[in-house]
Amino acid sequence: RPSKPGSAGATVRDGAQKVLTLAMKSEWAPVEAVLKGLEKAVAAGGDDANLTPLAGVMDPATGMTPLMYAVKDNRTPILDRLIELGSDVGARNNDNYNVIHIASMFSREDVVKLLLNKRGVDPYSMGGSRQQTAVHLVASRQTGTATAILRALLTAAGKDIRAKTDGKGKIPLLLAVEAGNQSMCRELLSAQTADQLKATTNNGDTALHLAARRKDVEMARILVDYGANVDLQNGDGQTALHIAAAEGDEAMVKYFYTVRASASIIDNQDRTPMHLAAENGHASIIEILADKFRASIYERTKDGSTLMHIASLNGHAECATTLFKKGVYLHMPNKGGARSIHTAAKYGHVGIISTLLNKGERVDVPTNDNYTALHIAVQSAKPAVVETLLGFGAEVHVRGGKLRETPLHIAARVKDGDRCALMLLKSGAGANKTTDDGQTPVHVAAKYGNVLTMDQLLEDNGDPLVKSKVRKRGVAR
């Protein structure tokens with residue numbers, strides 16, 4: 001029954017609203033005065049008096065109740081009074097958090113302990129958009145006192161809460177590792193240790209993988225001291241050592257050596273930590289893996305590529321030099337007969353090509369299809385590589401492929417081949433050389449509509465009247 005203006009009920013209702021307004025502004029001294037008035041009204045009220053005037057009182061914009069504001073501001077002395085007057089411990093704000101969630105994120109230990117003793121406060125309750133318990137929320141806190149709060153929550157909830165996953169599939173330990181909270185991790189690992197260390201994120205990362213991603217050696221040390229298996233693989237088949245090698249994290253790689261991590265485990269793409277170091281250009285990691293772990297430098301990927309191919313593919317000249325010093329074969333081909341120089345030519349890595357040639361690689365060495373690095377550089381339209389290879393004396397009339405085409409034929413057919421064509425012509429490439437089916441570069445440029453290259457060829461005495469052996473339908477006689 002609504003209270004009439006000016007009546008005792010209306011005064012109580014106004015008082016309850018006033019508590020909320022003042023709490024929102026953190027004006028706690030006036031709040032206490034209003035609470036006294038409300039308590040008197042409740043005590044003096046008759047049979048139909050409202051005994052819980054704060055029930056349902058909240059800020060509609062945020063869903064925050066007076067109790068939530070008091071918890072957030074650590075107003076321990078008035079919490080019991082607010083609860084007594086009807087502020088609900090189970091209420092949720094608009095972010096889907098209740099008071100124990102808010103306390104675990106913002107409050108002191110005494111506030112958390114007081115709330116945990118109240119009926120209706122459930123440490124297992126999930127809140128927020130990520131559906132997290134209070135233990136998840138406190139695990140991400142950076143303050144020193146947060147560990148005591150965690151301890152209080154664990155005592156109240158029981159050890160099983162350590163294994164509870166949030167909406168993103170993470171247990172509290174994984175959040176504590178991501179936050180870099182060492183004392184929090186120790187507290188969580190004091191029970192249910194093995195299960196927590198085996199727990200993974202949705203992509204299969206364990207706590208140790210996460211520590212490696214953060215380059216947090218101290219955290220990795222704690223996890224291993226508690227029994228983490230250093231060789232566990234994630235969803236990509238990678239160990240923490242794979243991650244450290246890919247990141248170029250020398251300190252972590254050296255630490256993993258002291259705890260006997262394996263350097264020979266392959267991931268889902270058949271890559272060892274050594275492969276990832278070469279792929280990402282970490283020469284110092286290659287040294288550590290080869291010297292300390294005695295990792296093989298002769299391993300090959302599924303297509304037969306060596307570590308030298310991998311370094312060449314990604315343009316890491318320093319790695320190529322390190323691998324050469326360690327004894328990786330410069331001349332080793334992959335399944336297609338491509339050597340590191342061919343790989344570097346395809347991807348435009350001038351520095352690698354210079355390194356390889358200076359170490360003794362032959363500039364005109366062919367693949368299984370008789371293509372040289374010069375053919376391949378032109379095919380990929382890499383003029384800087386073409387210039388380098390020509391500078392090292394590459395043969396301009398060398399023939400490759402089924403039709404035995406010259407590099408100039410390739411320049412005539414590829415998109416953006418004009419700069420490569422110009423370099424080849426300046427280095428003496430013949431504009432009228434024919435393939436086995438009688439086509440000159442001029443024929444090829446015309447067929448593929450490469451006007452710029454065609455103009456260059458004609459300027460260089462390319463003869464448009466030479467007849468090819470190809471019929472109109474494109475079938476060789």
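Cβ atoms here come from the backbone N, Cα and C positions, even for glycine.
For reference, TrEMBL has these:
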- 62-94: repeat 'ANK' (REPEAT)
- 203-235: repeat 'ANK' (REPEAT)
- 236-268: repeat 'ANK' (REPEAT)
- 269-292: repeat 'ANK' (REPEAT)
- 303-335: repeat 'ANK' (REPEAT)
- 336-368: repeat 'ANK' (REPEAT)
- 369-401: repeat 'ANK' (REPEAT)
- 403-436: repeat 'ANK' (REPEAT)
- 437-469: repeat 'ANK' (REPEAT)
Top partner of the repeat 'ANK' (303-335) among 203-235, 236-268, 269-292, 369-401 - counted as Cβ pairs under 8 Å: 269-292
Long-range neighbours of the repeat 'ANK' (403-436), counting only residues six or more past its ends (CB under 8 A): 370, 372, 374-375, 377-379, 381-383, 386-387, 390, 396-397, 442, 444-445, 447-448, 450, 452-454, 456-457, 460-463, 466, 468
Rounded mean pLDDT for the residues that make up the repeat 'ANK' (303-335): 91
Helix-strand-coil residue split for the repeat 'ANK' (303-335), DSSP-based: 17 helix, 0 strand, 16 coil
Within-chain partners of the repeat 'ANK' (62-94) [C-beta distance under 8 Å, separation at least 6 from its ends]: 16, 19-20, 23-24, 26, 28, 31-32, 35, 38-39, 42, 51-56, 100, 102-103, 106-108, 110-111, 114-115, 118-121, 127
Beyond the flanks of the repeat 'ANK' (203-235) by at least 6 residues, Cβ under 8 Å: 173-174, 177-178, 180, 182, 185-186, 189, 193-194, 196-197, 241, 243-244, 247, 249, 251-252, 255-256, 259-262, 265, 267
Within the repeat 'ANK' (62-94), residues counted as helix, strand or coil by DSSP: 16 helix, 0 strand, 17 coil
For the repeat 'ANK' (403-436), residues assigned helix / strand / coil by DSSP: 16 helix, 1 strand, 17 coil
